[in-house]
Amino acid sequence: MTHILFAVLVLALLALAFGIILGFAAVKFYVEADPIVDQLDALLPQTQCGQCGYPGCKPYAEALANGDQINKCVPGGDATMRKIADLMGVDPQPLGSAEAAIPVKKVAFIHEDQCIGCTKCIQACPVDAIVGATKAMHTVITDECTGCDLCVDPCPTDCIEMIPVPTTVDNWKWDLASVAIPVKIVE
């Protein structure tokens, strides 16, 4: 019994000593983060889709702080690019290349008759837009899907297809900045 108490006491003292050492090291070797990277990261949509060419939003924010192009975030769209331009003090640019200036929004569609319920697409989806259970068919919540295309490659049966979202009154992007609105000033 005394051997057990002695072992517990020694482990507790070691844990306390290592905790003090780690606390001291955290204070002594603290590295100040770049505040602009944190601000840029807060503006990005956090989908971690990789369409910008970086493995996630934080690495893209670091690249933006180092002077990379501000128009690579497709899920963030034009609004995010304009916020980044305002923060960085640069002119807004069209998204992607010249052909991608007007992107076609796409969402994932699962052909449920071909789905085997492997859950690989659910694991790949960064925004949890796919619902389903193991060995049961899955489906996509289209309002949540960002169209990042990350769920297509892991699917072993190729039952996921990216389809364009039809333009309706509900999802139409009105360009009110270019529309002249007549105003009459009454005195």
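Quick reminder: no glycine exception, Cβ is built from N, Cα and C everywhere.
Record note: Swiss-Prot gives C145, C148, C151 as [4Fe-4S] cluster 3-binding, and the candidate from C125, C159 in that site is C125.
Comparing local CB density within 10 A for the binding-site residues C52, C73, the maximum falls on C73. Each of the binding-site residues C57, C121, C145, C148 was scored by other CB atoms within 10 A of its CB, and the lowest score goes to C145. Taking the centre of the Cβ atoms of C115, C118, C121, C155 as the [4Fe-4S] cluster 2 site, the nearby residues of that chain (Cβ within 8 Å, site residues left out) are I110, I116, G117, T119, K120, I122, H138, C151, P154, P156, T157, C159, I160.
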